[in-house]
Amino acid sequence: MQAPSATRGVATSPDDTLAAPHAQAADDVLAALASSPEGLAPDEAARRLASHGPNRLPSLAGRSPLGRFLAHFNNALIYFLLAAAGAAALLGHLVDAAVILGVVLVNALVGFIQEGRAEKALQAIHELIAAQAHVLRDGRRMQVPVETLVPGDIVLLEAGDRVPADVRLVQVRALRIEEAVLTGESVAAEKQAAPAPAAAALGERHCMAYSGTLVATGQATGVVVATGRETEIGQISALLGDVAPLTTPLLRQINRFGTRFTWITLGVAAVLFAFAVLVRGLAWPEALIIVVALAVGAIPEGLPAVITITLAIGVQRMARRNAAIRQLPAVETLGATSVICSDKTGTLTRNEMTARRVDVPGGAIAVSGAGYAPVGRLTPEPGAENAEQRLADAERLILAGVLCNDARLHQVEGEWRVVGDPMEGALVALALKAGLAPEALRRAWTRLDAIPFDARHRFMATLDRHAAGDCRIFVKGAPDELLALCMAQAAGETGVALDRDAWAARIAQAAGEGERVLGLAVKPVPAGTHALQFADLEEGLCFLGLVGFIDPPREEAIAAIAECRAAGIAVKMITGDHAATAAAIACQLGLGDAPRVLTGGELDAIPDDALPGRVAETAVFARTTPAHKLRIVRALQSTGAIVAMTGDGVNDAPALKQADVGIGMGHKGTDAAKEASRMVLLDDNFASIVAAVHEGRVVYDNIRKVVAWTLPTNGGEVLAVIAALALNVAMPMSAVQILWINLVTAATLGLALAFEPAEPQVMRRRPRPPERGLLTPFLIWRVAFVSLLFMAAALGVFFYSLGRGDELAMARTLVVNMVVAMEVFYLFNVRFLHMTSLHWRGVLGTPAVLAAVATVVAAQLAFTYLPVMQAVFDTRPVTFADGWLIMGAGMVIMVVLESEKILMRRVGKRYHRGDRP
Ligand code: ATP
């Protein structure tokens with residue numbers, strides 16, 4: 001794809017432009033944009049924002065509301081109903097025709113409104129996870145919403161970031177960017193700060209990072225040269241169509257079922273029509289009306305809309321519990337989740353690090369204090385002979401920790417907070433406790449180059465030059481990796497030869513106490529060195545010692561893990577940390593007393609065919625890389641598990657995509673990880689995953705309830721019509737009356753089920769087997785049984801009324817009221833699929849249930865007593881005594897239904913394991 005403009009202007013103020021920033025030196029671009037390496041002042045940024053407008057792409061015009069409304073008429077059922085209305089009109093049944101049309105309209109309107117609500121709910125969730133960018137303003141690093149970026153802003157980019165605007169790169173470290181969205185090139189492009197030729201095509205402008213592309217590796221700083229629709233992507237307006245489809249596998253299954261059902265119904269209707277005319281000898285218009293009644297009764301018009309809204313309510317409830325759904329199908333899958341694989345740091349633990357020990361060659365030093373406040377001391381163990389030496393060595397180690405570090409501490413309302421990585425923040429606090437001045441040290445040393453931390457190599461290195469000219473490489477990272485790098489260490493800076501075994505024992509001791517252990521090393525290099533390569537670390541590194549941090553488990557994670565255990569969900573911790581640290585934290589979290597630990601190295605040695613078994617029985621995976629995560633997910637899935645997996649780094653994306661529910665971290669996650677996920681945790685908290693699983697189960701239950709409640713209505717009506725035809729008696733309900741029942745009850749009672757709260761035992765059941773369809777044998781039995789019950793009650797009332805000499809219209813009015821009353825009672829029964837409804841919570845209902853019942857009662861009163869309705873629906877006023885009769889019959893049916901529940905649970909326990917819950 002070629003750029004639409006090779007030399008587009010860049011506005012710094014409305015009337016001053018900068019052409020082709022890729023062809024100019026970075027300093028010139030900075031000058032032209034009236035910016036500097038320290039960034040803009042906040043008030044200048046605000047001024048530019050006012051004049052340039054937000055850094056937002058114009059959204060593609062979605063379907064117009066009218067288009068969305070009309071789409072609701074585009075299905076077989078509606079065609080059929082329209083044809084029926086036409087036929088009724090032709091036969092002179094104008095009222096019937098009008099009612100059918102009215103129902104079609106109301107149905108489309110309800111669908112339209114509910115779909116709109118669902119879309120809005122999803123949209124709101126997308127805004128919750130709006131992207132953030134890291135910028136420098138007045139020399140201070142801060143996080144701001146991407147929308148507030150302006151030309152001249154200095155942005156910091158690192159692996160996993162989505163580039164937030166068009167940026168002229170100023171400083172580049174091993175930066176590679178995936179630009180496929182813009183150039184179609186799938187290999188990540190290497191970047192550098194030197195200018196490119198003016199005529200370079202978009203893909204060859206190696207000093208530019210374009211909005212919407214993804215940082216694959218490395219780090220950079222750059223100056224924003226274009227925002228919003230001024231960016232390259234804004235000009236070609238691609239990328240924007242990623243509105244998530246409002247559908248899920250379940251919804252598709254139901255829609256398919258609905259379509260099939262419609263055609264079957266039409267077939268049956270045709271046969272019945274022939275039967276009525278040829279066998280029963282009815283006049284064809286009369287037969288047609290019967291057939292229309294049957295078809296109208298059979299088809300669950302409102303079902304898809306109610307299910308969509310059930311899903312949308314689930315999404316909203318999950319968002320309230322800090323789980324933002326990015327893709328609707330995740331709502332369903334969450335309910336079936338059987339394994340949760342979670343990162344440790346920040347998800348299971350609080351990610352609030354405090355250094356507790358410093359270990360130098362001469363021995364250990366205890367560190368006091370809590371949190372990031374610089375209050376505490378370094379104390380060698382009492383009586384240590386070499387205390388002075390230890391403290392001097394500790395200072396050297398802490399210097400490395402402060403320089404090989406990007407975090408800063410600052411005080412907000414008296415509380416010390418970290419900007420950047422918490423462990424690095426804890427190193428700054430450690431320096432303050434040791435009496436050093438980290439900011440002064442950072443001013444005295446200038447960073448020349450760096451190798452950023454990456455979960456694959458587990459260390460970070462910087463090349464720094466002291467004001468006096470002295471140059472050093474500082475490295476911090478997983479101590480085992482560092483010891484391997486320091487293999488060739490002679491008696492260097494510390495004057496002590498490296499004793500690997502002794503260090504390994506000290507690491508094991510700290511890790512065994514649950515500490516996160518970090519190693520530090522240094523290497524002097526010749527003055528004048530400017531660049532840092534991996535090869536520079538291969539020899540000459542001198543191991544300085546260790547720092548042990550505590551990062552306490554989250555209390556709520558402990559409770560959530562216990563909840564998972566009760567719910568039959570396995571929890572696995574997958575961490576890059578040391579095996580002993582992982583095991584100790586797992587113990588504290590309740591993942592087992594002596595949980596099995598597999599390290600990344602051990603995983604590599606297990607062949608593919610043996611892996612599923614080993615992975616299934618292991619609770620803790622340590623020293624893993626993102627590639628291991630992918631193997632673990634696949635192995636678990638091959639055992640039939642439904643796997644939820646968390647991730648934050650750019651390299652986690654494949655595992656997140658592979659998992660059934662990939663979960664990105666809202667705070668510490670990269671854009672790449674979030675975009676690969678189906679759900680994003682707003683608080684990075686494990687407990688929120690479990691809350692989402694809980695809500696997922698509730699949503700699935702509610703969908704089952706909606707189906708279990710809706711289908712018998714249709715079934716009962718159809719059976720009543722067929723029975724009447726078979727018995728050669730008048731129809732117990734007219735077509736429009738059937739439509740009335742379906743409409744008034746689906747939009748009220750059916751919808752109330754979408755708002756149902758959780759049943760008490762929802763997290764005490766095993767996960768739903770994924771292969772189990774919605775219509776389980778139990779549900780089919782339920783639908784059949786209740787349909788028969790409804791038919792029996794409807795016909796019972798009908799014949800009773802006719803038998804005592806009522807006119808047909810009166811008998812039909814009673815039947816309609818009977819069916820609606822049964823629906824109300826059945827609603828109370830179905831609210832608890834897994835236990836009896838005869839308890840206070842069941843009887844009192846919820847506000848949604850009560851409102852629905854009140855509406856239905858009001859509608860039925862109008863239907864029965866309002867003259868207009870009497871004219872339209874041909875109804876008659878019901879006497880007080882008959883009203884009681886109907887209520888009494890409803891209660892009897894409730895008792896029958898509850899008895900069936902008890903009976904079926906007993907039978908189910910014996911025969912239907914897994915189906916009958
Ligand atoms: P999790 O995957 O559970 O979040 P983690 O955060 O412990 O685990 P990584 O971030 O992969 O896993 O870290 C692995 C190891 O790398 C840590 O134990 C630590 O020793 C080291 N490490 C982590 N962060 C840094 C950093 N910023 N600089 C240097 N080393 C680091």
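Here the Cβ of each residue, glycine as well, is placed from N, Cα and C on the backbone.
Taken from TrEMBL as is:
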type	residues	note
DOMAIN	20-93	domain 'Cation-transporting P-type ATPase N-terminal'
TRANSMEM	69-91	transmembrane segment
TRANSMEM	97-113	transmembrane segment
TRANSMEM	261-282	transmembrane segment
TRANSMEM	288-313	transmembrane segment
TRANSMEM	706-727	transmembrane segment
TRANSMEM	739-758	transmembrane segment
TRANSMEM	779-802	transmembrane segment
TRANSMEM	808-828	transmembrane segment
TRANSMEM	840-863	transmembrane segment
TRANSMEM	883-903	transmembrane segment
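A contact between the transmembrane segment (97-113) and the transmembrane segment (261-282) is absent, since fewer than 3 of their C-beta pairs, 6 or more residues apart, lie under 8 Å. The stretch with the most CB contacts under 8 Å to the transmembrane segment (808-828), chosen from 69-91, 261-282, 706-727, is 706-727. Within the same chain, the transmembrane segment (706-727) packs against the transmembrane segment (779-802): three or more Cβ pairs sit under 8 Å, each pair at least 6 residues apart. A contact between the transmembrane segment (779-802) and the transmembrane segment (883-903) is present, since 3 or more of their C-beta pairs, 6 or more residues apart, lie under 8 Å. Note on the transmembrane segment (883-903): residues 785-786, 789, 793, 796-797, 814, 817-818, 821-822, 824-826, 828-829, 836-838 of its chain, located 6 or more positions outside it, place their CB under 8 angstroms from a CB of the stretch. Sorting each residue of the domain 'Cation-transporting P-type ATPase N-terminal' (20-93) by its DSSP state yields 43 helix, 1 strand, 30 coil.
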